[in-house]
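Engineer: For reference, Swiss-Prot lists these features for the protein:
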- 5-138: domain 'B12-binding' (DOMAIN)
- SER15, ASP16, ALA17, HIS18, ALA19, SER63, SER64, LEU65, ASN94, LEU95, ALA96, VAL97, GLY98: adenosylcob(III)alamin binding site (BINDING)
Amino acid sequence: MSATDPTVVLGTIGSDAHAVGITLLDHALREAGFTVHNLGAQTAKTEFATAAADHDADAVLVSSLYGHAQQDCAGLHDQLAAAGVDATTVVGGNLAVGQTDFETVKQRFEEMGFDRVFSAQTGFEAVVDAVKTELDVDERSPTTTTLGA
């Protein structure tokens, strides 16, 4: 990868221990030409902010599947700003317990400052394409992911 590849920081926030989704998204982003810093599961907001600053991230992608993303993400944008990070922010997963109306959940996260909000049903390619759009990245390679090859 070249030094000009867009850089993303990726992780599962708070006490959420789900890591399979971010691992698959990591692969899809790398195949699409991104430099990825995967923080893994159970990542604190301060770790996202520090990593984004340290790696001069173009985007910060936050995953949460256990339904408590609103509580876990509260204050994330303040911490990013305090660290001098001006990056696109994306959140996705099962963001709210008993989530039935995704549009309401999406609006809540947009009001928190997220540039893109995705449900757990969103495919990895759609997320990669949205990040490319947000960062105005030219097509570099297909965004399909082949596992086990």
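Here the Cβ of each residue, glycine as well, is placed from N, Cα and C on the backbone.
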Engineer: To which of the binding-site residues SER15, SER64, ASN94 does the lowest count of other Cβ atoms within 10 Å belong?
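Structural biologist: Relative to the other binding-site residues in SER15, SER64, ASN94, SER15 has the fewest Cβ atoms within 10 Å.
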Engineer: To see if you understand the setup: which same-chain residues, six or more apart in sequence, place their Cβ under 8 Å from that of ALA96 (adenosylcob(III)alamin binding site)?
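Structural biologist: For ALA96 (adenosylcob(III)alamin binding site), the qualifying residues are GLY67, ALA69, GLN70, VAL105, ARG108.
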Engineer: Using a Cβ cut-off under 8 Å and a sequence separation of 6 or more, which residues in the same chain sit near ALA17 (adenosylcob(III)alamin binding site)?
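Structural biologist: In sequence order, the residues whose Cβ lies under 8 Å from that of ALA17 (adenosylcob(III)alamin binding site) (at least 6 apart) are ALA41, GLN42, TYR66.
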Engineer: When you measure from the Cβ of GLY98 (adenosylcob(III)alamin binding site), which residues in the chain that are at least 6 apart have a Cβ under 8 Å away?
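Structural biologist: For GLY98 (adenosylcob(III)alamin binding site), the qualifying residues are GLY67.
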Engineer: Same-chain residues six or more away whose CB lies under 8 A from the CB of ALA19 (adenosylcob(III)alamin binding site)?
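Structural biologist: Sequence-distant Cβ neighbours: THR12, GLY40, ALA41.
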Engineer: Taking the residues SER15, ASP16, ALA17, HIS18, ALA19, SER63, SER64, LEU65, ASN94, LEU95, ALA96, VAL97, GLY98 listed for adenosylcob(III)alamin, what is the greatest CA to CA distance in Å, to the nearest whole number?
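Structural biologist: The widest Cα-Cα gap among those binding residues is 21 Å.
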